[in-house]
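Annotated in Swiss-Prot:
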TRANSMEM  340-360  transmembrane segment
TRANSMEM  363-379  transmembrane segment
TRANSMEM  388-408  transmembrane segment
TRANSMEM  435-455  transmembrane segment
TRANSMEM  468-488  transmembrane segment
TRANSMEM  498-518  transmembrane segment
TRANSMEM  555-575  transmembrane segment
TRANSMEM  583-603  transmembrane segment
TRANSMEM  612-632  transmembrane segment
TRANSMEM  649-669  transmembrane segment
């Protein structure tokens, strides 16, 4: 689960006549990725497969469009009986053509309407800046005393216009879009400005005769609305027709996917006069299974690829439980893991929801996010989307952790429903919220962790400092583990240069923050005080104060200096070896990349995790501010009175929608940033290729 599966390169040699049963066996196994043979027994390919695979893929795309427009879940169903895969591909392709023919008119109508709509929308976009002009442009351009020109230009043309027009004439412009301007030019008739501007490449707006921009804009808008109505009616007609043969369409779709994969094997195979050669990758632990399946049909052999130095890197297969496999979609944003890399998914399954929950600690907001995620998951499934359900499950995991942190923080759509005006005004004479005594987490728990609560009724004068240290401690731990994984990856790669000149210097650097912020373990009862003392010792060591009183501080400074010098030297050697630089420039570049940049990254990456505290604070105080505004507009001095006031309710709803929508999105993005930039960059390159086996999408009879 943590490491990619060991792969072998499988070679199958058989009589040409055995091709169909061999392909059937490989499809049923669903664990074989075909490749072009390394040492082909001949140059001859199976031409029928090469010719058919393009047509089959085209049918797959068309059926997906039909299913999507018809509102069907895009999934394969049914079975297929095969004696010859070439014959099966021809038959299924013909069947798909007949199916598509039944929807041809509706699809063409939808396509025509979409094209027409796109054309009108482009015209609207061009008219948008001048849509408020109610005068015909032809009348504007034919004044007796002045030349009037209205044009759309870029920044370079705008400067050119100012040079041509000079100071004696009038130029007015306003910006719209990126580096685009609408320009109104009024000039005297005798200077022939229109001709000069045409020569400079400036073209004035020309519209249909007899209509102002205002009239034309509204006519086009009305036409688009009419097209939308017709388009919706046509889609409904298509959806109704598709529903009547849903299972048949899904069966044809499944058969197309299956013959496509069969043709993919055949397309990469090589044949001679008598023999067939098939090669590809297969998980090593399942080799015996494939041997048992095709032992009586063909001769099979395999080799184990080296992890480093091969011309072709094997595909990567990381077998994960279904419950966490969805996180693969997040990792793939960064890139697929290489064959020798530790998968970051297992790392991500814990850290991503935890960091999200710490930055979004509100039970009510998290509950809304959970319900939205469940709806979004069902919506994605209905649309047949691959990414929406995966993203939804990630949000579900994250919102569950946010519910837990919200319970501990005693926040439910802000501080008002639980802490009440007592918390908002920090005054014990006011009432608590209606949920105060009903809260599932007793107040004693919040009292016990008050040293880590940076806000709310139970926070203390030092809790902000403690939470800051705790946030950086999380970062130090994450960076240490990330750099350690980088060393392990380098060892697995069996590349000494990669290990000793890239990953080991990085690991030695990121030992420093974990040592500093974990030093408090030496005295757990005074953990945060000890950490603050160590930070003080480091400052004293930098300022060259007494050695005997700051031994640990001096040790940390010396270790950091050694690690930075090592990183400097390592980068200098890499620049010298790979960029053919002189020693002088190599040392200079090594200092910039390894010494100076290394020190900056050590500091910035570690401190970057303070954003965990910052976003938790911002979430709380956004809702605190709206709760206070609700208190100000309500005439009541009791919490219940505020919560039932209509204007106060509207203010609280607006504040919570802002927190859920904007803050939730920002926290999700920042969580991704902490993983991709601060953590993954220490050990994960993501330059591999994903294992994509061929398989049977329907039952093979």
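Just so it is clear, glycine is given a Cβ too, placed from its N, Cα and C backbone atoms.
These numbers come from a predicted model, not from an experiment.
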When only pairs 6 or more apart in sequence are counted, do the transmembrane segment (340-360) and the transmembrane segment (498-518) reach 3 or more Cβ pairs under 8 Å? no
Review point. Do the transmembrane segment (612-632) and the transmembrane segment (555-575) come together with 3 or more C-beta pairs under 8 Å, pairs six or more apart in sequence?
Key: no
Answer with yes or no whether the transmembrane segment (363-379) touches the transmembrane segment (649-669) by the criterion of at least three Cβ pairs under 8 A, sequence separation 6 or more. yes
With the greatest number of Cβ pairs under 8 Å to the transmembrane segment (583-603), the stretch among 363-379, 388-408, 555-575 is 555-575
Residues outside the transmembrane segment (363-379) whose C-beta sits under 8 Å from one of its C-beta atoms, at least 6 past its ends, are 357, 388-389, 391-393, 395-396, 398-400, 402-403, 405-407, 411-414, 417, 619, 656, 659-660, 664
